[in-house]
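**Q** Mind having a look at this structure? Questions to follow.
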Ligand SMILES: Nc1ncnc2c1ncn2[C@@H]1O[C@H](COP(=O)(O)OP(=O)(O)O)[C@@H](O)[C@H]1O
Ligand SMILES: Nc1ncnc2c1ncn2[C@@H]1O[C@H](COP(=O)(O)OP(=O)(O)O)[C@@H](O)[C@H]1O
């Protein structure tokens, strides 16, 4: 790709609701407009108008757009890499609606709109799950009747693949430059959604999220791992419906359920002010990350680097500290001073004499999608 | 306790069903009788008759029985140690029925029957959960709205506590005799139910089973850990009721679901004969154990000994091998020759020059209950 710069970026909020907002940014220009945006098509068309606007635009003619890169959350077992959109690809994304009811329908709609707005461009799809198709069966199969795998594709797929791929490749590049080993990487993505991946020789071999984006680490509003007995207790004894329980576990749990706040900045602030629920929630959260790191070190019989990324991973020194302190037995020594320094670039936070590396690696999913899309059509 | 010998043992099968069986063993005597046993009371009374029988009995007078030790599965947060039965204790066991609907009601019935059969004896209750009351909140609290913990006691309790306590204390005794450290123990109980406990300075600090005995390691018919998304998928998309899903996860999953067999001996045999499902299931099972061991090593920042117990833990060299091979980074070196030797006593199976100990420790829950009961009333 010639240059890895962002020419323009845009975001549409509250599609189909009152007070829809359109954000647009290009160079020094930064706009937010309240426009009536009844559906995704209008939204994308509005963004396009800004992109091609004489004053704030960056594209002279829509024909200059040669590739549109899309993110699709669920590629099931059909997609292990980035592909160009065909009718068959769209049909397969549609077949996966049951596995990702909240994401795939919108993702497909986005592709269709882009096809109509940029009819001459190539449409490329990057799947969030594709990166995990290298996981061995022992990592993705659940211990339930095997007909569910065979007949209904019930298994772990994984999510945040674009981010884990991007940051782990950045880390491997960095380690290689320094002459350090990079065969065994543990990638910790902590954003609104959180997940952790074990990466051996550049390939994902295990991952904390499963068939849906609900389990594993504790997230902003999602519970992460939970004993299934709790679900049946809530249904049988407390009278919730299954749908209500699912909703609780996805939208009212995690840090929000423990503290009343889902944003890590609020929680850290309140913990520092003495809020005991917030303090405890940070420990519950970090302890879970710590245990996943240990389990992946066991799975790989070692580790060369643990890397942290996304909003919390890159910025929360507190969570990193709780997850990594007292891990010397595993070769991990956090340098507390380095851990407390803010930054925007890839950087080590292990103590200089540590056996193993601990890195912060800023993620950039848009860039990864752009790179993969560019690579596919060139 | 004067002598740790079994004077007699008995077992009643198929209570309330056709073809009820009573097994009785004392010294050289070993009997199985088909008797009509409509309920628990009759069963215990029948056993008592054998116990006091002139020819095969071991007790001359029922007044000679001074203590009856009971196992109760769920002690909730009310019981952190073994107690003598009082009305209050019985009421509390009853209050816990919702948390252990399959176990506590029968356990309480057993106590009541014993009270009527041995009115002069003291009744003592050993709780399966008590051993885990030392777990810190970060290990037992789920990341769901905290009202569920506060108002409904939804949290992890743990099970197999009697076994974990017994074998870990045996291991600590053994290690101390050899002059080896024993501060950090990981206890792996693999029977029909399976669980793993992290034990620091003799106290449980983490454990794989939760509020019910369903999650964590893969068991004979229970799934162990599973992404909650799978549960909601089975309900929403495949049309199962919540009750059916619970049943599938408890009774048709685990090794049975993966292979068609729940008994580890059958599975090992078939795997050796080339059955691919059985071979894979052993790897899925052992891989899960391996990852839990890693997570508890992270939780304790080290390990002095990993101990294996119960039917599979004591006898399945295959599962131990899969769980422990390629764990040198964590200080664990299995001696394959020692691992393959059968035995009935506590024994090491690590290589002689290994940093850390790996032990097989035969469990004995009845002895533990007897010892605790004896200790309480003397
Ligand atoms: N300075 C900071 N300190 C702690 N947490 C932060 C900080 N900045 C952002 N975060 C947290 O990052 C999370 C969002 O991460 P992000 O990667 O942007 O999310 P997404 O998964 O939606 O891409 C929020 O919980 C937010 O509180
Ligand atoms: N020799 C053996 N090899 C492998 N597995 C064995 C062997 N003996 C017993 N087992 C397994 O032990 C399990 C039962 O364990 P046990 O501790 O007796 O159960 P429980 O949890 O009911 O007390 C069964 O799966 C059985 O197959």
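Placed from the backbone N, Cα and C atoms, the Cβ positions cover glycine too.
Look at TrEMBL and you will find B:128 tagged as active site, proton donor/acceptor. Feature annotation from TrEMBL assigns substrate binding site to B:71. Among the features that TrEMBL reports, ATP binding site is placed at B:189, B:190, B:191, B:192, B:193, B:263, B:264, B:265, B:311, B:312, B:313, B:314, B:315. The Mg(2+) binding site annotation in TrEMBL covers B:365. Residues annotated as site 'Transition state stabilizer' in TrEMBL: B:160, B:222.
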**Q** Three states by DSSP: which one describes residue B:315 (ATP binding site)?
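**A** DSSP call for residue B:315 (ATP binding site): helix.
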**Q** Among the recorded positions (B:71, B:160, B:191, B:313), which are close to chain A, meaning C-beta separation under 8 angstroms?
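**A** In terms of proximity to chain A, the recorded positions that count are none, since no Cβ is under 8 Å.
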**Q** Measure from each Cβ of the recorded positions B:71, B:191, B:222, B:311, B:313, B:365 to the atoms of ligand 2 and list the residues where some distance is under 6 Å.
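**A** Correct list: B:191, B:311.
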**Q** Cα of residue B:189 (ATP binding site) to Cα of residue B:160 (site 'Transition state stabilizer'): how many Å, rounded?
**A** 8
**Q** How many angstrom lie between the most widely spaced Cα atoms of the ATP binders B:189, B:190, B:191, B:192, B:193, B:263, B:264, B:265, B:311, B:312, B:313, B:314, B:315?
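**A** Taking every pair among B:189, B:190, B:191, B:192, B:193, B:263, B:264, B:265, B:311, B:312, B:313, B:314, B:315, the longest Cα gap is 17 Å.
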**Q** Radius 10 Å, atoms counted are CB only; among the binding-site residues B:191, B:313, which position scores highest?
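**A** The most densely surrounded of these binding-site residues is B:313.
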**Q** With every protein chain in view, what's the tally of Cβ atoms within 10 Å of the Cβ of residue B:222 (site 'Transition state stabilizer'), excluding that atom itself?
**A** 29
**Q** Have a look at the recorded positions B:128, B:193, B:313, B:315 and say which one has the shortest Cα distance to the residue listed as 'Mg(2+) binding site'.
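**A** Answer for the nearest of the recorded positions: B:128.
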**Q** Where the distance is taken from Cα to Cα, which of the recorded positions B:128, B:160, B:222 turns out closest to residue B:264 (ATP binding site)?
**A** B:222
**Q** Within 10 Å of its Cβ, which one of these recorded positions (B:128, B:365) has the largest number of other Cβ atoms?
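**A** Counting every other Cβ within 10 Å of each candidate, the maximum falls on B:128.
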**Q** Fill in the CA-CA distance, residue B:193 (ATP binding site) to the residue listed as 'substrate binding site', as an integer in Å.
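**A** Cα of residue B:193 (ATP binding site) to Cα of the residue listed as 'substrate binding site' measures 16 Å after rounding.
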**Q** Using C-alpha atoms only, work out the spacing between residue B:311 (ATP binding site) and residue B:160 (site 'Transition state stabilizer') and round it to an integer in Å.
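**A** Distance (Cα to Cα, whole Å): 13 Å.
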**Q** When the Cα-Cα distance from residue B:313 (ATP binding site) is computed for each of the recorded positions B:128, B:160, B:222, which gives the smallest value?
**A** B:160
**Q** Can you tell me how many other Cβ atoms are located within 10 Å of the Cβ belonging to residue B:315 (ATP binding site)?
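**A** Around the Cβ of residue B:315 (ATP binding site), 19 other Cβ atoms lie within 10 Å.
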**Q** Please compare the binding-site residues B:71, B:189 by how many other CB atoms fall within 10 Å of each one's CB, and tell me which has the fewest.
**A** B:71
**Q** Find, among the recorded positions listed as B:160, B:193, B:311, the one whose Cβ has the highest number of other Cβ atoms within 10 Å in the structure shown.
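**A** Checking each of B:160, B:193, B:311, the winner is B:160.
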**Q** Would you mind reading off the Cα separation of residue B:315 (ATP binding site) from residue B:160 (site 'Transition state stabilizer'), to the nearest angstrom?
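**A** Each residue's Cα considered, residue B:315 (ATP binding site) and residue B:160 (site 'Transition state stabilizer') end up 18 Å apart.
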